[in-house]
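Enquirer: Structure incoming, see below.
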Amino acid sequence: HLERNRLVLTCMAEGSWPLEFKWIHNETELTSFSLEYRYLIPSLDRTHAGFYRCIVRNRVGALLQRRTEVQVAFMGGFEEGERVQSVSQGDGAVIPAPRIRSFPQPPQVTWFRDGRKIPPSSRIAITLENTLVILSAVAPDAGRYYVQAVNDKNGENKTGQPITLTVENVGGPADPIAPTIVIPPRNTSVVSGTSEVTMECVANARPLIKLSISWRKDGVPVRSGLSDFNRRLTVLSPTVGDSGFYECEAELKSSSVPSVSAGAYLHVLEPPQFVKEPEKHITAEMEKVVDIPCQARGVPQPDIVWYKDAVPINPVRLPRYRVLAGGSLQVNGLLPDDTGMFQCFARNEAGEVQTNTYLAVTSIAPNITAGPSDSTVIDGMSVILHCETSGAPRPAITWQKGKMMTRSSISLSSSLSLSLSAARTRITTPPQDQSVIKGTKATLTCGVTHDPSVSVRFVWEKDGQVMNPKSSPRLRLDGNGTLHISQTWSGDIGTYTCRVTSVGGNDSRSAHLRVRQLPHAPENPSAVLSSTEKRSINLTWAKPFDGNSPLIRYMLEVSENNAPWMILLANIEPESTAVTVSGLIPARSYQFRLCAVNNVGKGPFSKETERVSLPEEPPSAPPQNVIASGRTNSSIMIQWQPPPESQQNGVLRGYVIRYRLTGLPVDIQYKNISNPDVTNLLLEDLIIWTNYEIEVAAYNGAGLGVYSHKVTEWTLQGVPTVAPGNVQAEAVNSTSIRFTWAAPNPQFINGINQGYKLLAWEPGQEEEVTMVTVRPNFQDSVHVGYISGLKKFTQYYTSVLCFTTPGDGPRSAAKRIHTHEDTPGAVGHLSFTEILDTSLKVSWREPNEKNGVLTGYRISWEEYNRTNTRVTHYLPNVTLDYRVTGLTALTTYTIEVAAMTSKGQGQLSSSTISSGVPPELPGPPTNLAISNIGPRTVTLQFKPGYDGKTSISRWQVEAQVKNEDWVMVHQLANEPDARSLEVPALNPYTFYRFRMRQVNIVGTSPPSQPSRKIQTLQAPPDMAPVNVTLRTASETSLWLRWVPLPEWEYNGNPESVGYRVQYSWTGPQAKALIHRIPDRLEREFTIEDLEEWTEYEVKVQAINGIGAGPWSQPVRGRTRESVPSCGPTNVSAFATTSSSILVRWFEVPDPDRNGLILGYKVSNAEINEKYWDTFILHRLLCLPCLGVYILYELTVLPQTYQITYRLNSTNSNTATVDVLNPSARQYTVTGLKPESVYVFRITAQTRKGWGEAAEALVVTTEKRARPQPTSRPTVPQENVQARSVLLSWEPGSDGLSPVRYYTVQVRELPSRNWTVHSASVNHDSTSYIVDRLKPFTSYQFRVKATNDIGDSEYSEDSEAITTLQDAPDESPIILSVTPHTTTSVLIRWQAPAEERINGIPLGFRVRYRELLYDRLRSFSVQPINSPSTSWAELTSPYSIRNLSDPSITQYELDNLSKHKRYEIRLSVYNAVGEGPTSSPQEVFVGEAVPTAPPQNVAIQSSTATQLDITWDPPPLDTQNGDIQGYKIYFWEFQRKNETEKLRTLFLPEGGVKLKNLTGYTTYMISVAPFNAAGDGPRSAPTRGRTQQAAPSAPSFIHFSELTTTSVNVSWGEPVFPNGILEGYRLIYEPCTPVDGVSKIVTVDVKGSAPLWLKIKDLADGVTYNFRIRAKTFTYGPEVEANITTGPGEGAPGPPGEPFISRYGSALTIHWTNGDPGRAPITRFVIEARPSDEGLWDILIKDIPKEVTSYTFNMDILKQGVSYDFRVIGVNDYGYGSPSQPSPNQTVAPFYEEWWFLVVVALVGLIFILLLVFILIIRGQSKKYAKKSDSGSNSNCKSLTHGEMVSLDESRFPALELNNRRLSVKNSFCRKNGVYTRSPPRPSPGGLHYSDEDISTKYNDLIPAESSSLTEKPSEISDSQGSDSEYEVEPTQQKTHSFVNHYISDPTYYNSWRRQQKGISRAQAYSYTESESGEAEHTTLSQSQASLFRPKGSRTPTPSQQSANSPSQQGPLYRPPSSLAPGPRPPIAGFSSFV
């Protein structure tokens, strides 16, 4: 249901009217009883959800309706905010969805990352609980994740807060990660009939592609219903049969990493169903018992709850109501109130059902149906009188005798009968003869029957003496006469008599008590050597006291060599006093002790005998595992192991080795080794390639032992010692030589003849030998061979040698041979000179290949293509030129020249030439076209270029791969007419471009234009993977490694490149299997599912999309040993006695041994008798590990039970006996007497008879109570062990009911819960051994007693007891064993859990040993009879290293042998001892990763995207093998985690080019070498930076303070500067022309900050396009945006027209408020402009919204300038429309005041007078003074180049004029009292302005020119700081262009023509100078906005401050109310500078 909906609940019922209804919600009453049967909820909300019931009642009773659930759909908000989560690289990231309250729960959730939905994949899992799991996390997985939850019931959706995931440890090695289950299955319950149920299991590992998940149900694999990469198991329509334990297992394929598993239970529930139901109406009588049936079934079994009239029935409060075992309700003693409606509810987790009935209780009047009858009995006998009645309720019965009520001797039975009895006193249960164990309790019964009215007295006698029970606390006499004697001892032995006296008679009975005890120790034991038997000792002793019980046997224990005592003989006849111990081991000492055994137990041991030592004997067994292997051609290495220790028969002194030649009658040679620890010997000085037989024997002090079996071995082959004989050689043609020879004598070959080598070499070039190998020919006596491909007509030395596997034999004597003569090659360098009309000179050189003795030359010529004109001449061999005459002018001739030998004419060299025309350099070919593209060839078509007036002698083809250098790849000679050619030897799947050159006799042409780029086709790989190695990984897997193909060897698409592995076991009928690996960069593969202990042959080939390459050389490896896969065969067993059987078997078949069989184990188990036959059969077939002649015990269960019971006061003859079947485990007895004591005995029977009986007392009484708790348990410290303690207590009161058992609870401190250790402690016990405890752990204990009534309270907790330390239980887990160097390995492990160390850890022990798998071919197998013998003790011993630091987790094991395989185990030890060793780990030592990084890593910046890296290899002694390549790690500086990348170089080169990098970015580079063993260390990071590149676009463009004519533009820095930012270029233009003019304005902003600009020369209501781009050394891309001037929609309207009032130097502007727009006005702004149509600029900013007038000082304005003012309102929508301008206000300049003019005139007059006076004086004093040629009386002094003019009078700028001479008279002239001056200076800071006007409207008025002007910086200071305008650093001076800008705007042109007096036009880009002492208004130096300058600032003149003054550095911010214009000259003055 949805919230706010209306819901009506209806209660349907039938019955007698009126019916009343009441509603209940979640057990809370909603209404009282009323006639309303509906319940209305007008508006649902989430609180209304729950279970509703209605109760309906009428006058008959009430019924409770089944509950109905109401669900309300809703969705709350997420309960969590933002959170950050991290995960290590490679681990699984588990991101739970944020919690949200909703129904249904959970809602539908979708995960997003960066706005994109995350779908499940092989790496992404979304669980049933909406948890996001990212498997094998990598760096790109870092980011922000969020969820969107949707309620599919009401459509609501919510988005959660982001979850930021970070990935740690990025950049580490991508080592495999063992599987872990991150989301295990959960226990799930589902109701039968549901459509489906899903179990889920998410696992993580690396590599993830090799992860496999499988499912099992109760151990059986499940293969259906799997989905989502096997992460989910779905069971469709689950039934009860689908319940079970479901387990998922994650394993890493192709790896030896152990798998992990997790499981959960699936419970399929079934709703309750009634099996029995009551009838709808039940009638019963009062006081009767009625059973109302109700029984139901379901899964789980339903609970039955009864209601009466809708009220639950509580049997505790109403004992008459009792719920029976099946669920039925039993009502005892019915009352009228029991009438009503009874309901039975059956409920379980799957639902509930109900049934009901109406019970009516009726009543009947009492009536006696059968009365008593008269009876006659004998005195002393009993009589029974009967009385039967009826009625409801049940009538009360009263018996009377006369008028007296019945007495105690009369009893009423349950059948309402009266029993009368009378008895005589007699002993009915007499004492029995007993034999008790010393220290136990003896109980002597004396049961009496007597009349209850008679008192009885008991007296006990011992041996005729009356006993007083109160005299000793050990004696106790019960009221029933039973005598208890505790702590019995030998003094209690005797005859006991019980005497009974009473007025009803006396009686007595006797019994004998015997006390047994343990026998004493045998006396005087002695041991002496036997004189008659070897290896035997005679043992004697004296018979001890038997402890009042016959001796059964003696036990003999022995201690061998001070070892712990062990049982030697366990069944020595009790009559014996001597025994001979045989089969002892020589040279060992023995000590013995005995004990006697009777039926009480084993007595104490005797004292030990004297230690007896057996004499030494020679070893009786040979050394084991003798192995011989040839080491050299003159030595053999022998290795062996000592004889078994039990057969050494003494301390070994050494070994004797004897050897001789096999099969020859030669003397035996001996070697003696006197050190028994030496188990190998190198036999040297042996004969080459000879077979020896070798034997080894051990010796001790007694002599030499048995020699081992003979082993034979050959010495290795040698090289031949003689050369082949009768060697002959002769040349058969110009390039071949034929050899013949005879084989050397076989006895001098010294090995197996592998063949012959034919050698030929030129004199003086012995190193360059041509060799041909010839296989041996054993049939022919003469061998023949050839060497071909020799040089023609060349002298050679020849020789022949024989070689074997080790090497070459001596060469035969060298013989000189000359190859035959042949025709020569072409002449060299054919050329033409002295070319005339009728003659020319032909020149050439001798052929490079003469191939004989030159006899001369042949020259011929003919007209081109006219063979009939041919002329031929023969020339001597010394002629190298010839003049050809008689030619026809301007005719083309073909001229040919060839050399000659005696074999004929050689190859022709020809060329064409035109007579009278000298040849020239040819031109390049053209029109290159490509066709017939193949994997390694292409065809080029071309058009020949200019031939240079001669024929083309050779065509050259050059190729370019990518952008590398051009390389010549093919040449074609002597084909001048060729128009196409085939280019061979190209690389497949490679991009090429080609170009051609043509060659003539002059030279080579320039290259042609390059062809189009083409790609050759794919081809199979050409090479196989190299450095293939194979290592053992596990019992069923091998680890294969290789070096991947270099990229240029792929010959195809890299995505299709992979590898194929073929493997098969060595031997016949081996079937090859193939596995394909798709990853081209894969370097290793684990071959799984192999046979144990089997040798395999493996090879690898590379494949691509076209085919496969060649196979690598095969490598071999053997899998590790494993447990046998099958048990012994022919197992047989037969019983030898009643308690033992004998088992025999044959050995395990060879294919199933999986290694070397070390021994056998026998297992046995107890089973039920009915399974006996099955057990025997099962054991016969499947018992895998049995020992020879091992006996094991079997328990046979009974066939039947017998139970007897009787009153304790009667004898056993009156007992009731019942026989039970074997399956019975309980027995119910009825009809017992109340307040009586019964004895129950039970015994079992087998085929052999009855066993001992168990006995218990039972008291039938209603006065019983629960027992009292025991005393506080105690644990004596001496009874505390490592895993057990002895707990003692004193019993409490038994509550008049015998204690049946005790329960012991234990609690592990500090905070564990109490757990039951045993609930079946014997009721007689007062102590108990609590075992199964953890060592070194604190515990508390408590005890409770249980009798037939119930449990006692628990006793007080015992004191805390700490168990002792024990040896550790677990071994460390070895995580990895990796080669570290060539002689060491690095072991990493995980220590056991602290609680498994069982104490304080002291350190670790490393055990290691060399494995000899490759040499073990046979073993001597010895029977091992001790089941405790471990595997390590049966094999060669380990070397041990102790590591005393318990905190370490890794260790480098060094000093190992190279190229050996080692097995390593690890254990932890504490103060008590050492724990178990870990499973063995194998490692191959010899291959190790490099231990040093590359040296001298250097970085050279090549381009903006490329760095060249070079390095030197690691030092040779640290390479640990051949370097196979390097890994180059590179990342951006300080961004390693986000940007680190890897480049792998599969060649041992010393450099690499890193391309596609980011421009002008600092990179850190680290290089690591790798070899076949793995990666070495990285070099220290080296820093390098790429060169600058063009920047990216500015990150954003933003507009603010938009008015009708101005806007503030800001932008962001580029995301990728790619260099040093030199500035920005801003370009803006109207989108449509304004007044027919489209003005493009370009502004260059220097520097990198600040990043804003104020634009003021805009037109109202016009859309402008702004474009900005950044610059480094060049400009990057631009970002653009449009903006429309004028007020936006919702901005304020114009305020009222302002008017101005003036008070002294202050101006006040008044205005009225206008339309506020769509939002309230927030402030006002005042703009001002010079009245000569200058630009509006903000004068006053941030005027409060409440005011309508504003006063400011006129000092901020320029004097002598008229200003207009206007007001603008501002609200949240922006700047509004401006008001109308105010009337002009003029500030009069001081120099127009009359007083200033008077002062100037007086000063000028005084100056003139002084000057005249001085001149007169000087003229008179110096008559001959030279007149000055400069006009000293001129008012305007000309300025030379470089001089500067400073005009301070009128605050004009200081100008620096370069490259011109300027007269002050011409430049500054008084006009109308005002100085005209230069045009406005460009803004400081290096802004460059240029306007491009596409209109020619004003081109005829003023020509567009440019001017350059260099400006000195101005000193400025801050006033009224603002964030909207600024001035950049002014030190960078640059010329600026203004002309086009001003001409393009007619307002500027007009302003130049009509300047008013004293007024200068304000500019869009302007500045103002200031003088000290005056506040002045300045413009923005780097923008078009203007700035205010305080009066105190001053622009320094050139003489005051240099242009590069430091004070001018950096940007200076200006207040927003700056205004630009000051006193300005007419703009027309600008033309003076053009």
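For all residues, glycine too, the Cβ spot is worked out from N, Cα and C.
What TrEMBL shows for this protein is this:
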type	residues	note
DOMAIN	100-164	domain 'Ig-like'
DOMAIN	179-261	domain 'Ig-like'
DOMAIN	366-401	domain 'Ig-like'
DOMAIN	521-617	domain 'Fibronectin type-III'
REGION	606-626	region 'Disordered'
DOMAIN	622-718	domain 'Fibronectin type-III'
DOMAIN	826-920	domain 'Fibronectin type-III'
DOMAIN	924-1019	domain 'Fibronectin type-III'
DOMAIN	1024-1122	domain 'Fibronectin type-III'
DOMAIN	1161-1264	domain 'Fibronectin type-III'
DOMAIN	1269-1366	domain 'Fibronectin type-III'
DOMAIN	1371-1488	domain 'Fibronectin type-III'
DOMAIN	1691-1789	domain 'Fibronectin type-III'
TRANSMEM	1794-1817	transmembrane segment
REGION	1873-1892	region 'Disordered'
COMPBIAS	1905-1923	compositional bias 'Polar residues'
REGION	1905-1935	region 'Disordered'
REGION	1963-2034	region 'Disordered'
COMPBIAS	1996-2021	compositional bias 'Low complexity'
Enquirer: Please figure out which one of 100-164, 622-718, 1024-1122, 1269-1366, 1691-1789 racks up the most CB pairs under 8 Å against the domain 'Ig-like' (179-261).
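Expert: Counting Cβ pairs under 8 Å, the winner is 100-164.
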Enquirer: Which value does the mean pLDDT take for the domain 'Ig-like' (100-164) in this predicted structure?
Expert: 86
Enquirer: Going by DSSP assignments with H, G and I as helix and E and B as strand, what are the residue counts for the domain 'Ig-like' (179-261)?
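Expert: Per DSSP, the residues of the domain 'Ig-like' (179-261) fall into 6 helix, 47 strand, 30 coil.
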Enquirer: Count up the helix, strand and coil residues in the domain 'Fibronectin type-III' (924-1019) according to DSSP, in that order.
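Expert: Reading the DSSP string over the domain 'Fibronectin type-III' (924-1019) gives 0 helix, 44 strand, 52 coil.
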Enquirer: With DSSP helix as H/G/I and strand as E/B, how many residues of the domain 'Ig-like' (100-164) fall in helix, strand and coil?
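Expert: So the domain 'Ig-like' (100-164) is made up of 3 helix, 31 strand, 31 coil.
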Enquirer: What is the three-state DSSP composition of the domain 'Fibronectin type-III' (1691-1789), stated as helix, strand and coil residue counts?
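Expert: For that range the per-state counts are 3 helix, 50 strand, 46 coil.
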Enquirer: What are the DSSP helix, strand and coil residue counts for the region 'Disordered' (606-626)?
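Expert: The region 'Disordered' (606-626) comes out at 0 helix, 5 strand, 16 coil.
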